[in-house]
Amino acid sequence: MDKVNELKEKGNQALNAEKFDEAVAAYTEAISLDGQNHVLYSNRSAAFAKAGKFQEALEDAERTIILNPTWPKGYSRKGAAAAGLHDYMKAFEAYNEGLKYDPQNAILLQGRQDITASALNFMQSHGDIPMDVDPQQMRSRRAPSPPPAKAPEPQKPAEPRVEDMTEEQKKKYFAKKEKELGNAAYKKKDFETALKHYNAAIDHDPTDITFYNNIAAVHFERKEFEECIKQCEKGIEVGRESRADFKLIAKSFARIGNTYRKLENYKQAKVYYEKAMSEHRTPEIKTSLSEVEAKIKEEERTAYINPEKAEEEKEQGNHFFKKGDYSNAVKHYTEAIKRNPDDPKLYSNRAACYTKLAAFDLGLKDCDTCIKLDEKFIKGYIRKGKILQGMQQQSKAQAAYQKALELDPNNAEAVEGYRQCSMNFQRNPQEVLKNAMSDPEIQQILKDPAMRMILEQMQNDPNAVKEHLQNPAIADKIMKLLESGIIQIH
């Protein structure tokens, strides 16, 4: 399913960049891999609708509803597609059906309100209802039937008479015409012509944020990123003054974010994606924000890498290790790893500290990491074998030593570790205990009242022993008991 998610994100990014054909292609490929995914059909429906292909958008919306009948977004997609086809009753019914599942859904409520107004305007322009009809009455009336099937195109509303318009209406009208011509040129990638028409639209009506957003889109496509940002900022300023829809302002912020992302300035991209989210939260912007945050984190990690600093921290770790101060040694080895995460020796050294602190799970993890970084690093296998021996997992320890011996058959530590594991296989627990108890050093440790108290704490609360392991002398005694088989830590 990783490929499906990858294609879905590709489609989302294309949709966000207004590359509708690319978005449709990505969603279609994803659907071919996962034909039961209702979100993919919903996203493709949105892309078709943005491209003005409302019939295809409607078909995808209906498929979305079939796959997930209780998902409100499927109904909002259907409503938008039906509205694009001027089938206002179908749109109205879709919004109402969706509200049955989510009565407070803002998108569905707004859609129902908008479609009522659209249907009213459409019917007024066709003379179907008087001008003073209450829009609420639309709920009980069916919108006009669509044009006959034989007609090549749906009937368009009659063009308004320019001579009847006020000066303000004329400005809006001519601005809209210029924008439509600009959109047509943009789709053909005739960016020079598109810019000419969008600028003409601004000359007629400088208060519409949409025109600035469209100009910014042209500059983005032409990789004129500084100009793109400038136009978006101008659009936001104009939009604030004219109290434009917050979704349009969010779009401007998001495009600035996309531009900074193209410039690989991920921190600035993050700032503008967050501003866009504060205006209007969409899945596309949220995805983009998450992606740039991951980029920032990786940049910071990479920028922190410094092998020279890592070597200094390693030396400090060695110093504390020799003093028996294993906790401080771990801190310095950890810092060294951050400075040079690809050096297997650093993980091996930290694993040695964890072993002394009886933090065997952490030690094993470090051993596995250093082996992964360098499969021929003998010390990693030997260190792993010692930890597994301390955990009384003799068979796994023997396998680790075997790996070391395959790399160097004469390695003394690996030979001795393998021999000890083999001997332990042949000894039963009673024999192990008997031999250990005959060791004077073991006897001395067990006679120590302080050690007996610590061992009792280990039985009742394994986490309590961690504090005692900060003391190098106690840590050595516990390791001796582990190696002898007197105690086990799992």
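From the backbone N, Cα and C atoms, a Cβ is placed for every residue, glycine too.
The compositional bias 'Pro residues' annotation in TrEMBL covers 144-155.
Annotated compositional bias 'Basic and acidic residues' per TrEMBL: 156-168, in sequence order.
Annotated domain 'STI1' per TrEMBL: 439-478, in sequence order.
Annotation comment: TrEMBL describes 127-168 as region 'Disordered'.
What TrEMBL lists as repeat 'TPR' is 4-37 (among others). Nonlocal intrachain contacts for the repeat 'TPR' (4-37), taken as residues 6+ away from its ends with a CB within less than 8 angstroms of a stretch CB, comprise 43-44, 46-48, 50-51, 67, 217, 220, 254, 258, 283-285, 287-288.
Annotated repeat 'TPR' per TrEMBL: 72-105 (among others), in sequence order.
Taken together, the residues in the repeat 'TPR' (175-208) have a mean pLDDT of 94 on the 0 to 100 scale. Here TrEMBL flags 175-208 (among others) as repeat 'TPR'.
Positions annotated as repeat 'TPR' by TrEMBL: 250-283 (among others).
Taken from TrEMBL, the feature repeat 'TPR' applies to 310-343 (among others).
Per TrEMBL, repeat 'TPR' is recorded for 378-411 (among others).
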Tertiary contacts of the repeat 'TPR' (310-343), as residues 6+ beyond its ends and Cβ separation under 8 Å: 301, 304, 349-350, 352-354, 356-357, 373, 469-470, 472-473, 475
For the repeat 'TPR' (378-411), the number of residues DSSP places in helix, strand and coil: 27 helix, 0 strand, 7 coil
